[in-house]
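What TrEMBL says about this one:
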{"type": "TRANSMEM", "residues": "7-28", "note": "transmembrane segment"}
{"type": "DOMAIN", "residues": "14-222", "note": "domain 'ArnT-like N-terminal'"}
{"type": "TRANSMEM", "residues": "64-82", "note": "transmembrane segment"}
{"type": "TRANSMEM", "residues": "89-106", "note": "transmembrane segment"}
{"type": "TRANSMEM", "residues": "112-129", "note": "transmembrane segment"}
{"type": "TRANSMEM", "residues": "136-154", "note": "transmembrane segment"}
{"type": "TRANSMEM", "residues": "160-192", "note": "transmembrane segment"}
{"type": "TRANSMEM", "residues": "204-221", "note": "transmembrane segment"}
{"type": "TRANSMEM", "residues": "249-273", "note": "transmembrane segment"}
{"type": "TRANSMEM", "residues": "280-297", "note": "transmembrane segment"}
{"type": "TRANSMEM", "residues": "303-320", "note": "transmembrane segment"}
{"type": "TRANSMEM", "residues": "332-354", "note": "transmembrane segment"}
{"type": "TRANSMEM", "residues": "374-395", "note": "transmembrane segment"}
Amino acid sequence: MIYRMAIYPLILLSLLIYFFNLGAFQVWQPNEAFYADASRRMLETKDFITPIYNGELRLEKPPLTYWLVSLGFYIFGVNEFALRFFHALLGLCTGLLSGILAWLLTKNLKTALLSFLVVVLSLQFFANAHYASPEVPLAFFIALTLTLWYGYYITKNTSLLVFAFLSSSLGMLVKGPVAFVMPALIIFIFLLLEDRREILNKKYYLLTPFALLLGLWWHIYQTWVNGRDFLNVFFSENFKRIYAGEDPIYFYLLDTLVSFLPYSVLFFPALIWALLRKELRFAVVWTLSFFLVFSLIKQKIPVYVMPAYPAMAVITAHFLMEGPWERLKRFWAVFVCSLFSLVILLGVFYFDLAKGWALLSLVPPLALLFERKLAPLFGTVVFYLFLLGAVLPYLEGYRHYRELGSFIRELDPKGELKTYQVGHFNHNLPFYAKRKIIRDQAPEKGSIVVFELSSFDRCTPLKTFELYKGSESRLFKFMLDTKRKKNFSQFGVCLYF
């Protein structure tokens with residue numbers, strides 16, 4: 001009864017926290033800036049085929065992520081909320097797919113509801129759902145493909161199979177062939193273990209060419225238009241990473257301990273337990289396929305295994321509901337809740353935030369008293385509330401990109417003057433200045449110059465801005481740098497005549 005009283009409010013809180021302060025923070029650099037500026041330009045030029053960032057071809061990824069951002073801009077206007085809206089929405093939809101998969105596999109409503117929460121509140125997934133990049137759309141379309149396929153497998157409804165192939169095509173328009181290859185591999189291995197005759201189903205081989213054509217038409221077009229330039233980028237993005245890198249083979253095992261919080265440690269015993277559970281076989285194959293394939297690839301990035309999270313959530317949720325090792329579950333719930341409370345308290349005092357935020361540290365231990373299995377999720381929601389409501393607004397005080405872009409537009413409202421940045425390049429400046437920012441070139445006279453004060457002495461700054469020179473993608477390091485005043489520099493803006 002307590003579980004039922006707790007889980008539905010928790011789902012509602014999760015829905016709300018996904019959109020809380022979604023547009024309150026400026027474009028993160030470098031990666032989010034590529035999608036912000038290129039999508040803004042798409043909307044202005046009506047060229048939705050070839051992404052162009054800061055006047056340069058941006059062929060590293062297919063266009064669907066840019067389309068999502070452009071659609072957000074079209075509906076809500078060109079702003080940060082619109083930039084991230086569809087990523088947050090697809091994040092929640094991915095959680096929904098995990099819940100549907102859990103129901104199809106286990107017929108357990110508690111497992112299904114908990115699977116949704118485990119996905120949408122896991123640390124890596126939540127962060128990426130609040131950040132414009134291809135990772136969450138890719139995870140969504142891979143989850144949609146595999147869930148539709150499993151629905152077809154148990155019902156033999158051909159419409160579900162057609163939509164599964166269509167979903168894989170859309171996934172290829174997010175991040176290339178991986179959106180087809182990985183689901184195909186997972187399905188093949190599962191059928192090899194479960195139903196070998198199904199591998200010979202002619203429908204798969206009839207639909208595959210159509211799915212590939214729909215998914216790879218952009219790649220064919222760019223090969224025709226941009227030739228070797230595109231092929232070099234394509235092979236670098238899709239094949240060079242296989243052998244270029246030095247990360248250890250166990251990288252993802254260690255990374256999961258942080259990225260899959262709050263249930264990261266429990267996932268590993270859950271996976272061992274699931275190996276013997278026939279109803280979880282599809283989720284196990286899905287999970288292990290991602291971990292094994294991407295562990296063998298030399299270059300490793302945490303988000304590469306994120307499309308496995310929906311299956312990992314099913315395994316973890318079912319383990320929490322029906323699995324053994326209750327003492328381990330109790331210990332981990334206490335540990336995680338204590339960790340979140342401690343982090344909130346340390347954050348309040350280290351960053352000198354309003355002391356009222358410290359009251360949030362009381363919620364995780366109180367949750368332990370009412371519903372132990374869900375307490376880590378309550379702790380996670382409270383932590384995200386603290387992060388979005390206190391810590392990130394604190395960081396905004398060190399991010400002056402919108403102000404700098406507005407000043408450039410005031411100096412040149414019609415965009416007639418060339419604009420340079422000297423000494424360092426801030427990737428989100430083209431978005432906020434609404435123009436191309438020339439870098440790595442000596443400024444010409446009759447231009448606007450944004451320059452690090454020590455790097456250019458040919459004009460007097462009209463105004464100065466303190467800008468961060470590191471990568472904001474490493475958020476924890478950025479947070480520490482703001483406190484220690486590291487990697488910041490003064491930049492001036494002048495009219496160079």
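Note that Cβ sites are derived from N, Cα and C of the backbone, with glycine treated the same way.
As the structure is a computational prediction, the values presented were derived from the model and not from experiment.
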Ranked first among 89-106, 112-129, 160-192 for CB pairs under 8 angstroms with the transmembrane segment (280-297):
160-192
Count, for each of 64-82, 112-129, 160-192, 303-320, the Cβ pairs lying under 8 Å from the transmembrane segment (7-28), and report the range with the highest count.
112-129
The transmembrane segment (136-154) in contact with the transmembrane segment (89-106), cutoff 8 A, at least 3 CB pairs, sep 6+
yes
Near the transmembrane segment (204-221), which same-chain residues lie under 8 Å Cβ to Cβ, leaving out any that are not at least 6 residues past its ends?
49, 62-63, 161-162, 165-166, 168-173, 176-177, 179-180, 230, 234
Same-chain residues near the transmembrane segment (332-354), Cβ under 8 Å, at least 6 residues beyond its ends:
261-263, 265-266, 360-362, 364-365, 367-368, 372-373, 375-376, 378-380, 382-383, 386, 390-391, 394, 479, 483
Stretch with greatest number of CB pairs under 8 Å, the transmembrane segment (374-395) reference, 64-82, 89-106, 249-273, 303-320 candidates
249-273
Please determine whether the transmembrane segment (249-273) and the transmembrane segment (112-129) are in contact (criterion: at least three Cβ-Cβ distances under 8 Å, sequence separation 6 or more).
yes
State the non-local partners of the transmembrane segment (160-192) in its own chain: residues 6+ outside its ends, Cβ under 8 Å from one of its Cβ atoms.
61-65, 134, 137-138, 141-142, 144-146, 148-149, 151-152, 198-199, 203, 207-208, 210-212, 214-216, 218-219, 234, 237-238, 281-282, 285-286, 289-290, 293, 307
